[in-house]
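Notes follow once the structure below has been shown.
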Amino acid sequence: MALLQGARPFSPDDLSGLRDISLDLEFVEGVTGVASPFALRLPPEEGTARGTPLFGPTIGPDYPERLARFDALETGLPTLINPDRTALLMVIDVASGRQPLAETLAALRETFAGGLPEDTRLTLTGEDAISAEIVGGLKTDLVSLNLWGGLLVVLAALVLMRDPRMALLAVVPALCSAAAVLALSVWLGYPVTVLSNVVPLLLLVLGVADGVHLAGHLKTSGQDVEDTIRNIGPACALTGLTTAAAFAGIMVTGNDQLFEFAVLGATGALMCLSLTLVIFALLGRVLPPGTGTPAAATGRVALTLCAAAARRPLAVTLAALALLVVSTGAYLQNTPWFPLYQNLPRQSATLAANDAIAKDFGGVFQMVVEVPDDWETLLRADRALSAVAGPQAVLSQADVARWAGSVDAPPDAQLLGSLPAGTLGRLETADGGYRLFVSTPEPMRNRQSLARFDALEAAAFSAGAARVIGLPALMRHEAVHLISQLSLGLLLAAVGGTLIVALAFRSPRIFALLLVPNLLPLMVTGGSLMIWAGGQLTPTAVLALTIAFGIAIDDSVHFLNRYREARRTGKSSAEAVETAARSAGQVMVMTTVLLTAGLGVTAISDFFPIRLFGGMMILTLWTALLCDLLLLPALLLLRKADHHGAR
C-alpha cells in the first residue's frame, strides 16, 4: 500500500500528477496491478460493459462532486480518498519471486519521487513492507547491541574488579563465546529476527557470569587453574545445562521461528560453556590475576543480606511465600497479547501511516472471510460485516453486483471478466465458494481494535461463514495459543532446570529448596507487567522469563555449591551460610552488575520487544539475587541442624 498524505486537500493538478504516477507504477518490475481512485468507473450502461471512468482525461475542480456521486451509488466499493481529500491510498499488487522485495520497494519510491506533489508525504506499508522494514532495522540493531554490550561489560568488569588481568580472564572467554554463537547463527542460515538478535548478547552475559566466578576463585583461593576448573567448573556446567534446558523448553511451541530460536539458544549455551572453560584454562596459564582487589561494596551487600536472613529466617521465608502468592495472582491477571506494531523500529513512519489508514480506510491488514457457494449467504455476510467495519471496508462480489445495479443474483461472467486481472480469483475460493475481504487494523493495536476484530469475526460466523483466515486472524488466535505454549515451556524450564540441579547434587531436597527462590523472581517480574506494560503478556515477555530462569539459577548453584563445601568441612549451617556469602556472595553481586551492564544496552534498541526483553531480564536477575542472598540462606538455616550439607 502507498499512503499519500497532503498538508491540504488535493488540487486537480495534484490528482493529475498522482494519476500519472499510478500509470507508471504498472511498469515497475514485480508490480502486477494498482488499485487507486483513478481506476474507479461508473456503473455499466448500454455500450459500455465496463462503465465509464469516473475521472475523464482532465481532472477538474469538480472532482469532489464526482467522488460524492460515486459514493451515492452505495456500492460498497472504496473510493480510496478520505473525506477531507488530504489522504489517498494506492493498493499495489506485487508478485513474489520476480525480484527481491527491497528492490521493488526502492523502485516504487523512485517512481513516486518523480512526480509527487509538493508537501505530499509518501509511506509504503502493508504486510510485506512492514516485514522488510523490521528486518532492515534488525540488522543494524544486531551490530550495535553486541558491540556496545560487549564494551559495557568490559568497562564494568574493569571498574568492579580493579584488576585488568582478572577482568580479562572473566570477559575474554565470554566475548569469544558470543562471537562463536553469532557465527553459528550465520552458519545455520537462520534469518535475523527480533528474538535471535539478543541470543549472542544473552550468552555473552552468561559467559561473563561464569568467567567472574572462575576468575574470582582463581584469585582468592590461591589454587591453580586446574583446581579452579575442578571446583567451579561443575557449577558453571550446571548453569549451561539449565540455560540450554530453558531454551529447549521453547521447542514445545511447534512454531518454526521459535524452534530456530530455541535451537540457536540451546546449542549456543552449550557452546558458550565449552569455550568459556577452555579459553579460561588457556588464559589462566599465561595471565594470572594481579594484586588489585574487587570493589568492597559488592562484598558488603552480600554479607548484609545474608546476615539479615540469619537473624530472621522464618520471617524472611514467610514474607517470600506471601510475595509469591501475590505476584502469582498478579501474573495470572495478565492478558495474552500480540502487538505487531511494537516490532516496528522506534520512530517508524509506518506506525503513524497504519493508524491513518485504519482511521480513513479501515486498516492495513486483510481479514479474509470464506462462505459457501450460496449467494444469499454472501449477501448476509456482506451486510453483517459492513455493519461493523463500514461498507467501504468490505470487498466482495456483492459490491460488484451492486455496482452493476442488482444484487438479486451473482454478477454474470461478462461483468466478472471486466474486473482487473487477479481480482476474480481472490473473490472466489478453490471449491467455488465466495471470499470477502475486510480491511482492518491489527487486532491488538489497542483494546478497541481487538473488540472490533472480535465483533467482525462474530458477525461473519453468525452470517454463515465457513472460516475466517488472514494475518489478522493469525495474530488474534495463533499468537494467543503461542503464548499459552510458551507459558508451558516456562513451566517445563523451571521444573526441568531445578530437577537438573537436584540430580547433579544427588539430593531430592534441593528440588524443593531451589524451586521457590527461583520461581519467585519470575512471578515478581511477570506480575510487574500489570504496572509497566498494561498487563500485556506478550511472547517476548514469556520468553524473557523463560531464559531469565536459566541464567538466574546460576547464582543459586554457586551459592549452594560453596555452602555444601563448607558443611563438608564440619561447619554449622550458620557458619556455612556466612562462608558462602563471603566466597560466592561478592561474586554474585558483581556478576549481576555485569549482567545489568550487558543487558542494559538493550535500552538503546530501536525495537520495543528487545527493550522489554532486556528490562525484564534485568529485573528478574536482581530479584533473583535478593532471593539467593536472603531467601535461600533462610531456607538453609531452617533445615534441621543435623542435615550435613546437601546430601
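Heads up, the Cβ atoms here are built off N, Cα and C, so glycines get one too.
Annotations in TrEMBL come from automatic prediction, not curation.
Database features (TrEMBL):
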type	residues	note
TRANSMEM	142-160	transmembrane segment
DOMAIN	166-286	domain 'SSD'
TRANSMEM	167-188	transmembrane segment
TRANSMEM	194-212	transmembrane segment
TRANSMEM	232-252	transmembrane segment
TRANSMEM	258-283	transmembrane segment
TRANSMEM	314-332	transmembrane segment
TRANSMEM	482-505	transmembrane segment
TRANSMEM	512-535	transmembrane segment
DOMAIN	536-638	domain 'SSD'
TRANSMEM	541-563	transmembrane segment
TRANSMEM	584-604	transmembrane segment
TRANSMEM	616-638	transmembrane segment
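The stretches the transmembrane segment (167-188) and the transmembrane segment (584-604) do not meet in space: the count of Cβ pairs below 8 angstroms, excluding pairs fewer than 6 apart in sequence, stays at fewer than three. Ranked by the number of CB pairs under 8 Å to the transmembrane segment (541-563), the listed stretches 232-252, 512-535, 584-604 are led by 232-252.
Averaged across the domain 'SSD' (536-638), pLDDT in this predicted model comes to 88. For the transmembrane segment (194-212), the neighbouring stretch richest in Cβ pairs under 8 Å, chosen from 142-160, 258-283, 482-505, 512-535, 584-604, is 258-283. Highest Cβ pair count under 8 Å relative to the transmembrane segment (616-638), across stretches 142-160, 314-332, 482-505, 512-535, 584-604: 512-535.
For the transmembrane segment (482-505), the partner stretch with the highest count of Cβ pairs under 8 angstroms, out of 314-332, 512-535, 584-604, is 512-535. Long-range contacts of the transmembrane segment (584-604) within the same chain: residues 144-145, 148-150, 152-153, 155-157, 160-161, 198, 201, 204-205, 208-209, 212-213, 216-217, 294-295, 298-299, 301-303, 305-306, 551, 554-555, 558-559, 561-562, 610-611, 613-615, 617-618, 621-622, 625, 628-629, each at least 6 residues beyond the stretch ends and with a Cβ under 8 Å from a Cβ of the stretch.
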